[in-house]
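Q: I'd like to ask you about the structure that follows.
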Amino acid sequence: MIELKSAGEIAAMREAGKVVAAVHAAVRERAGIGVTLKQLDEVARTVIEEARAGASFLGYHPSFGAMPYPGVICTSVNGVMLHGLPTPYRLRDGDLISIDCGAYVDGWHADGTVSFTVGHPRDEDLKLIKVAEKTLAAGIEAALPGGRMGDIGHAMSAVGRGAGYGMQNDFGGHGIGRAMHESPFVPNEARGGRGLRLRTGLVIAIEPSLMAGGGDAYYMADDGWSVCSGDDSRSVHVEHTVAITDDGPVVLTVP
Ligand code: MF3
Ligand code: CO
C-alpha cells in the first residue's frame, strides 16, 4: 500500500531530514586521514542523540543484509557502493566515501546520503561525485505531481549513463514515512511515461549509485552487507528524501 502524507506529516519528516543533514555535516567535518569508519559512526550517534532523534538503521534487518545493521550510518569507501559497515578501517589519503544516514523524529523517518573525498582528491573521483549529484538532481526535478515514477529513473539514467558510468537497479529508492522502507520502489533506471502516477503527498527517497568502471555488475562482500562494484571500480551513492507537493518536489534532507 502507498500512503500519501499530509502537509503536517511532511513537516514532521522535514525535522528528521534536518537531523540527517546535521549528521552529514558533522561526519564530513570529522572525516580525515587516519580516522576510522567506526569513529564516524560514533559522531553520527552523538548528533542523533543530541537531537533527541532515533537512528533508523541501527538494528534494521532487511532481507539484503546478513544480520541486523550494527551502526547508525553506512560508510561506503572506494569500491564499496552501498551499505558499507562502520568498521575499524582507517581512512587513507584520497579515499572516496559515501555516508548514508536515516533518522526519525516522532516516528517519522528521513534517509539521505552524501559523498565526498578525504585528503587529496583524485580528479576522476570529483567528477564521479559531481555527476552523481547531477543524476540525483535530475531525478528530483522529475518528481512532479502528474508525472510517472518512470520519469525519475529515466531522468537519472540519462545523466549517469550519459557520462559513461555503470548503474544498477536492484538497490534503488523507496517510499518513506512511518517506516524507512515503504512502497513504492523508485528505480534508478526506467522508461519515462511509465509506472505509478506521482501525486502530491507521495514522499520518496531517491538514491542513485554510479560505478566508475561503466559496468552494471556488483557483488556482496563477505561481511554480508557491503555492496561493491563488480570490477571494484570506485563508486558513489547519493540520496535525498523528497516530498512531492503541489509546488513541486521539496527536498527534506537538508539543513
Ligand atoms: N539508504 C539505504 C537504503 O535505502 C539505507 C539502508 S539502511 C541499512 O537502502 F540499514 F539497511 F543499511
Ligand atoms: Co534509502
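Including glycine, each Cβ sits where the backbone N, Cα and C put it.
These came from TrEMBL, pasted as-is:
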- H83, H181: substrate binding site (BINDING)
- D100, D111, E239: divalent metal cation 1 binding site (BINDING)
- D111, H174, E207, E239: divalent metal cation 2 binding site (BINDING)
- 12-246: domain 'Peptidase M24' (DOMAIN)
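Let's see these features in context: how buried, what's close, how far.
A: In the three-state DSSP scheme, H83 (substrate binding site) is classed as coil.
Around the Cβ of D100 (divalent metal cation 1 binding site), the number of neighbouring Cβ atoms within 10 Å comes to 25. D100 (divalent metal cation 1 binding site) carries a strand DSSP state (E or B).
Taken residue by residue with DSSP, E239 (divalent metal cation 1 binding site) is part of a strand.
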Q: So which binding-site residues out of H83, D100, E239 end up within 10 angstroms of H174 (divalent metal cation 2 binding site), measuring C-alpha to C-alpha?
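A: Checking Cα-Cα distances against H174 (divalent metal cation 2 binding site), none of the binding-site residues falls within 10 Å.
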Q: Which residues, sitting 6 or more apart from H83 (substrate binding site) on the same chain, put a CB under 8 Å from its CB?
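A: Counting only residues 6 or more apart in sequence, the Cβ neighbours of H83 (substrate binding site) under 8 Å are F64, G65, C74, S76, D100, W225, S226, V227.
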Q: Under a three-state reduction of DSSP output, how is H181 (substrate binding site) classified: helix, strand, or coil?
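A: Where H181 (substrate binding site) sits, the three-state DSSP reduction gives coil.
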